[in-house]
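Peer 1: Just passing along the structure, written as structure tokens.
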Amino acid sequence: MTQGLRMRPSHVDVKSPPHRAVGLRSLPAVRARFAAGSVLVVLALWQLAGQTGLVDVQFTSTPAAIASAGGDLLGSGELWANAQTTLVEFFAGFLLAVVAGVPVGMLMGWKLRIRQTLEPALVALYVTPSLALLPLVVLALGIGEASKIAMVFLEAVITIAVNAMAGIRETDPKLVQAARAFCASEGAMFGKILFPSALPTIMAGLRLGAGRGVIAVIVAELYGGTDGVGQLISTYGQNFDVAPLLFLTLVVGIFGYAVTALLRVLGTAATSWER
């Protein structure tokens, strides 16, 4: 009887231990630590080079001196007062550029005659350096806040309008044809098809325009202002006071990065429907 019985081998599923996705999950953290470590190494070498006389601190300063100068600027309130002026000038000019640039650019992308009329002027303004426009703006508006706002507007509105125009022209023609087949009005066409389709390109234009606007307001304050962060940079530069000069330059860079990063986040949220 035992010969008639066949023993089946038992199959035991042995599960391998779970593998942790350490590499992919920790990659951003590794990059962040590497970047932070690289910055610390550069700062340490810079400080050491200044203290040992390998570089002339009269022209390069040191991280410790720059941090000390920044503390003095913040503690005295000098930076806060001038930064407030710069912020008002920048955001006023930039918001005006958005309000004007987006609809004008969309109309340029939609209407051939409007594009043929305005595009040459926009291209001419785009390639004109800020320093060439500044004397004309100052003569027209003076050295007060109005001229700084105008400079930000002129530098930002061009990029915003050009990107809005490009976004409209890149809209899928099939969507436009379908809307026309259903006798959609111009308002419905813009609100439900053209604007949503062009929004990613418009947001990219806002980021680029913000960068040009930051440059414009600092340049305007450097050469045609009585206050603002740009004027502080000019004052310390004329006095060859390198430490506060470099600190203010760092502040401008951080501000520009923060504005563009904020617009990137807003753009991602606004265009989440694409995903």
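Just so you know, glycine gets a Cβ as well, placed from its N, Cα and C.
Owing to the predicted nature of the structure, the values given are computational and were not obtained by experimental measurement.
As listed in TrEMBL for this protein:
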TRANSMEM  30-49  transmembrane segment
DOMAIN    83-263  domain 'ABC transmembrane type-1'
TRANSMEM  90-110  transmembrane segment
TRANSMEM  122-143  transmembrane segment
TRANSMEM  149-168  transmembrane segment
TRANSMEM  204-225  transmembrane segment
TRANSMEM  245-266  transmembrane segment
Peer 1: Same chain only, please: residues at least 6 beyond the ends of the transmembrane segment (149-168) with a C-beta under 8 Å from a C-beta of the stretch. Say none if there are none.
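Peer 2: Contacts with the transmembrane segment (149-168): 89-90, 92-94, 96-98, 100-106, 108-110, 115, 118-119, 122, 125-126, 130, 133-134, 137, 140-141, 194, 197-202, 204-206, 208-210, 212-213, 215-217, 219-220.
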Peer 1: Can you tell me which parts of the same chain pack against the transmembrane segment (204-225), counting only residues 6+ beyond its ends and a CB-CB cutoff under 8 A?
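Peer 2: Distal contacts: 86, 89-90, 93-94, 97-98, 101, 105, 130-131, 134-135, 137-138, 143, 147-148, 151-152, 154-164, 167, 231, 233-234, 252, 255-256, 259-260, 263-264, 267.
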